[in-house]
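Enquirer: Sharing the record's features from TrEMBL:
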| type | residues | note |
| --- | --- | --- |
| COMPBIAS | 32-43 | compositional bias 'Polar residues' |
| COMPBIAS | 47-62 | compositional bias 'Low complexity' |
| COMPBIAS | 73-98 | compositional bias 'Polar residues' |
| COMPBIAS | 100-109 | compositional bias 'Basic and acidic residues' |
| COMPBIAS | 112-122 | compositional bias 'Low complexity' |
| DOMAIN | 817-874 | domain 'CBS' |
| REGION | 32-129 | region 'Disordered' |
| TRANSMEM | 191-211 | transmembrane segment |
| TRANSMEM | 272-293 | transmembrane segment |
| TRANSMEM | 326-344 | transmembrane segment |
| TRANSMEM | 377-401 | transmembrane segment |
| TRANSMEM | 413-430 | transmembrane segment |
| TRANSMEM | 450-472 | transmembrane segment |
| TRANSMEM | 492-511 | transmembrane segment |
| TRANSMEM | 560-583 | transmembrane segment |
| TRANSMEM | 590-612 | transmembrane segment |
| TRANSMEM | 632-650 | transmembrane segment |
| TRANSMEM | 657-680 | transmembrane segment |
Amino acid sequence: MEKFPLKGNREIVAEGNSYITAYQSVLKKSNGHTVNNSDSQYQEHPLATSSGSTAVTTSLTTPDDDEMIDITPRSSPSEIHQHSTHFSSYSRGSTADNSDMERGRDFHGHHQPPQTQQAPQRTHPHVPTHSAFGDILDEPHDDIPGIGQYDDFHTIDWQRDIARDRMRHRYIVKKRQDSLWDLVKGAHDAWSGWLCVLLVGIAAGCVAGMVDIGASWMSDLKHGICPLAFWFNREQCCWPTKQSVFDEGNCSTWKTWPQIFGLNREGTGAYIISYIWFILWALLFAALSASLVRMFAPYACGSGIPEIKTILSGFIIRGYLGKWTLLIKSVGLMLSVSAGLTLGKEGPMVHIASCIGNIFSHLFPKYGRNEAKKREILSAAAAAGVSVAFGAPIGGVLFSLEEVSYYFPLKTLWRSFFCALIAAFVLRSLTPFGNEHSVLFFVEYNQPWIFFELIPFVFLGIMGGVIGTMFIKANLWWCRFRKFSKLGQYPVMEVLVVTLVTGVICYPNPFTRMNMNELIYLLFSRCSPADVSNPLCDYTRINITYGATFTEVTQPGPGVYRSIGLLLLAFFLKLALTVFTFGMKVPAGLFIPSLLLGAIMGRIVGIAVEQFTYSYPNVWIFTGECVTGNNLITPGLYAMVGAAAVLGGVTRMTVSLVVIMFELTGGVGYIVPLMAAAMASKWVGDALGRQGIYDAHITLNGYPFLDSKEEFAHTTLAADVMQPKRNETLNVITQDSMTVDDIEMLLKETEHNGYPVVVSRENQYLVGFVLRRDLNLAIGNAKRFIDGINGQSVVLFTSVTPTQNLGPPPLKLKKILDMAPITVTDQTPMETVVDMFRKLGLRQTLVTHNGRLLGVITKKDVLRHVKQMDNEDPNTVLFN
């Protein structure tokens, strides 16, 4: 017996040339004798007890029985792989007892004969490791379906799942030496992550291409149709006649709705018919989008980024990343964008790509069965979503790192980069933007900016922070009103009303009538002397001589003044409409509306700066730079900087925002102005309000999101936060004195997600922690498949078998017990506890004093305490 690998010894003992059956199960009984369980005629179910005539059990006389390791009889490596019947899902690296996990029956409780076949004479190279959950980690699967999973709207335990994956990986690495097939399986496990993100990138690029093409076609359908090929949009319809830049007066192949009805393009009647058809198509598209979302996929509404952030932080929302959500979100997004609502498709593309990542992760059990590992694929998918939304793969990776992901190791960075690259390549192959560039708004100016322009650039950043904060507060006010009033009971009607109002007030203004992407491109564009179609370029150019030099003065014409007035009106209309639109029950993004608001503001400021410099070219701050024959001031650059400023004020992004903007436009030379505006926008926004739009909606919905960017500056202790409070009853489970009925009554009377296991109620020294879900599943499984288990069966969380066998057999549940829970003392500062929850991804921690259990702190308790310390309502945290 001294050669058995007891108490954590993982060495294999070889005697001569014989293969030692070193994993024999040593069971315990009160008679004090030791027997080899391989001599028993039958072995037990993993949750069964050792009583009756089915198994002869004795006791092993050692100083510390409770730390003995079960040793299961195996004859060869192949039989170890073939007949291993359980695997601990979780481990934190400690050695534990497994004598309550006999493995002789199959899952349905049928007896299996003992293994007596001898293997070839060689030393066995594989040793099962042991987890903190008291079982041998041999084959990576669970005896009880559902053990180790999480309920809906619950938080995952990162440490638990990461340790589970480590044990699975160790098993695969050790098995690679056994056979060629195990080597192939090990190689597949190694590159399965790259294969998964490759599939996600390809699928995300294809879906994004279809969404772009479909939205473009349906948006143009509101204005007319291509009789030669109705599936062509307006630009494609004009390609055969080489009229790539559409103008209603010169494209003969595209027919407007008045022409379809036999009228001319121009005139009062044509205007009225176009107006009516514009609104009818918008109402039809909006009604279809809202109805599809309500009937088939309620989770498909909104942007999805707040929920994606919460899911990536370790929260479970079943169905939010499912196939129905993917389908309805894709179709509904095309419809809502085509309806002309003040929303964009870029934010929802992150949700769509995350749905794709979730679906493909289930093809690989390494990710599909482990929630923490699945988050790595979802982070890469989020990067691919931004990549296909803007044609900005690097910005997508930084967006996932800065704004979305909670856990972002280096290998996830590499895979996110690869996934974003593949997605951008696939989208570029489909060319949905209709040009040779993969960016959404390509700018053609390369004029250098002047140093004094940093002043208006910073001013744009300040205004972006102010506008962003105003929008966040107004949108939150409206969303709360929608949530707590009768308006929330009529989501489709709300969508139709907002669509009708949007169509009625936006059609008369040519800037609000056009697609928002087209308007942003128009605002970003540079005026050339030959450009006569753009009303923003109605300039009169005059050369004025200053001594030996001359300068070109651009005097605005009536078209510029009229455009400024229409743009100001469009700014306030779009700002108000975005407040009411974002949060409706249709797929709706916020990137494009924010960019549009900033581009309008920036273009107007750019025109003002341009006129000021050419009206006063000798002012000392210009240092003579404007006295030249070149037009140095580019209003389109101001539009680009303003767009970044407002988007930064709304989302509070910085690094990823700058990278997205120069990838979006191709203006790499304007990184410094973009950085100045983004930084000023964030500073002002943080001064006026702490949260960006996504964090604000997370708080509004009550999701348990613990932001790692915020600091906990209070001086409370763990004893101030733990549940229950002092002098209150702590609900615990004893290790060997409670029956099945007692456990079920405790589960019925309480709603805790887990229970500490202690030695006894009088001696409350901590033994471990068990989850509510695992308890329910284990007890239900035992009642169905193990004979003799009833309400009077004693539930054991220890490997010590009772000395008397009167009554029903006991139920051993040590397999589901976490024997290494994270603990803190009652005097631990809450700053340390909060950091533990943030950096370790804890679900709960136990509070002790001198080794005795005092209470539990859950993630929900931490969030409520943080809100209470910040003088906010702690009851707004709704989920666990």
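Cβ atoms are placed via backbone N, Cα and C, with glycine included.
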Enquirer: Six or more residues beyond either end and a Cβ under 8 Å away: which residues meet both conditions relative to the transmembrane segment (377-401)?
Expert: 193, 196-197, 200-201, 204-205, 207-209, 308, 311-312, 321, 345-347, 349-354, 356-358, 360-361, 367, 407-408, 412-413, 415-424, 427-428, 433, 437-440, 591, 653, 655-656, 659-661, 663-664
Enquirer: Check the transmembrane segment (492-511) against the transmembrane segment (560-583) for contact, please; criterion is three or more CB pairs under 8 Å, pairs 6 or more apart in sequence.
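Expert: Contact confirmed: at least 3 Cβ pairs fall under 8 Å.
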Enquirer: For the domain 'CBS' (817-874), how many residues does DSSP put in helix, in strand and in coil?
Expert: 23 helix, 18 strand, 17 coil
Enquirer: Looking at 272-293, 326-344, 590-612, 632-650, 657-680, which one has the highest count of Cβ pairs under 8 angstroms to the transmembrane segment (560-583)?
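Expert: Answer is 590-612, with the largest number of Cβ pairs below 8 Å.
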Enquirer: Between 191-211, 413-430, 590-612, 657-680, who has the most Cβ pairs under 8 Å to the transmembrane segment (326-344)?
Expert: 590-612
Enquirer: Give residue numbers and ranges for long-range contacts of the transmembrane segment (450-472): same chain, 6 or more residues beyond its ends, CB-CB under 8 A.
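Expert: For the transmembrane segment (450-472), the list is 575, 578-579, 594, 597-598, 601-602, 605-606, 609, 621-623, 625-626, 632-633, 638, 641-642, 644-652, 672-673, 676-685, 687-689, 691-693, 696.
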Enquirer: Report, as numbers and ranges, every residue of the chain located at least six residues beyond the transmembrane segment (272-293) whose Cβ falls under 8 Å of a Cβ in that stretch; write 'none' if there are none.
Expert: 218, 221-223, 256-258, 261, 263, 300-301, 328, 331-333, 335-336, 338-341, 491-492, 495-496, 499-500, 502-504, 507, 513, 584-587
Enquirer: Looking only at residues six or more beyond either end of the transmembrane segment (590-612), which have a C-beta under 8 A from one in the stretch?
Expert: 303, 342-347, 389-390, 453, 456, 459-460, 463-464, 467-468, 471, 516-517, 519-520, 523-524, 536, 554, 556, 560, 564, 567-568, 570-571, 574-575, 578, 581-582, 633-647, 650-651, 693
Enquirer: Across the domain 'CBS' (817-874), what does the pLDDT come to on average, as a whole number?
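Expert: Averaged over the domain 'CBS' (817-874), per-residue pLDDT gives 89.
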